[in-house]
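Q: The structure's right below; bear with me while I get my questions together.
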């Protein structure tokens, strides 16, 4: 007697909730943090999956834009300046992260139009 009952099938290999949802972010860890954080008395099974998907999407969006900013500056490594440029040049991300200060991010280059030198018209010859 093997002690496995009538079926006789071996237990399937454990599959993480992240891999089931097709995500890279940890669903189990987010679920644990939601339960621990006293956000609500109970946490549904779908809530951490949804939150992990949203966080993964936002991270991918910021990283893609920051990678483009790094490539524009002929750099192969993303630095805080590239994150700052990526976020502040994107309207929706800028609105979402308007209250966030990025250390070593610098500022966006911006010169008011009235401060620019006036265009002088050359005499026609």
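Including glycine, each Cβ sits where the backbone N, Cα and C put it.
Swiss-Prot lists 1-18 with the feature compositional bias 'Basic residues'. The annotation N-acetylserine is assigned in Swiss-Prot to 2 on the grounds of similarity to another entry. Sequence annotations record features per position, and here Swiss-Prot assigns N5-methylglutamine to 104 based on similarity to another entry. Marked as region 'Disordered' by Swiss-Prot: 1-21.
If you look at the structure here, what lies around each of the features I listed?
A: Note: residue 104 (N5-methylglutamine) has non-local neighbours 79, 80, 81, i.e. same-chain residues 6+ apart with C-beta under 8 A of its own C-beta.
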Q: When DSSP is mapped onto helix/strand/coil, what comes out for residue 104 (N5-methylglutamine)?
A: coil
